């Protein structure tokens, strides 16, 4: 049994080594440069990226007049301009190494779709519901990593996934599971109710797509960890621009007022909010891409779960337009999230100590 466990651990190491088959000589030094500290730096990067992402989500939620097509377009143009400029400055080949181009382009296109789904979900459903769905990403990342990266997906990772999801639900208290104590009287017209229900359905479907897309993108990024992070984030911007152009030219979206087309008429306040969301998103994208060069996608997504706690704190303090009530489940949810992060941090040590092939 001990030999079986050792074989599984060796397979995990070999799976990472096979990902380096296209590593360029000048890029090999990145992980070696941080040897001994890569775990710590990658963990800190994943947590920091999560905090920037959740900050952007909270700002968008409390700025309901912002249109998601406008946000996606501004984000794409900004990312292409900034990252493209730095890529040119450092002399990186924008099309990437020949052995990894399909993965680079795929993560870019999926990244654009992910941003759109994220913006739509945050706009149309309660932030608690959206957060609870988003943070099921560690489970999908672990599941897909077993197929795409040959990582072991045993009872330990199943348990960590369950603890995270339980903690997120207890802390976010999604209205779908914890209905509000008092509901406002219904005054809306039946036609408006139908529109709201349709938007909620669309928002929920988009929210369900977020953890799946996030898992696939993080794994693709890990497989391309030898590619300069500027190239990866550049193509993320290309994908976002491609998706925004398609959406802005679909007639039924215009007729249903989904696309406002008022980007040139933004007020100063709207530009400040938009710039904040875009800047936080780009910074988070860069930091997360770098973190995935140092730690595995499964570990990165678990460590990102800290952003749920940041989400709660931001709503309760800086963005308290709607008061966030304290519930007895809040500290329990935070405790479970922290516990899952600690367990994931000691995953290798635990598996070495308890040699069981199903662990």
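Backbone N, Cα and C define each Cβ position, glycine as well.
Computed from a predicted structure; not experimentally measured.
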Residues flagged as transmembrane segment in TrEMBL, choosing from 72-92, 135-155: 72-92
For the domain 'EamA' (42-171), residues assigned helix / strand / coil by DSSP: 107 helix, 0 strand, 23 coil
Recorded stretch that, among 40-60, 72-92, 104-126, 227-252, 272-296, has the most CB pairs under 8 Å to the transmembrane segment (198-220): 104-126
Cβ pairs under 8 Å between the transmembrane segment (40-60) and the transmembrane segment (156-178), at least three: no
Touch test for the transmembrane segment (156-178) and the transmembrane segment (332-350), at least 3 Cβ pairs under 8 Å: yes
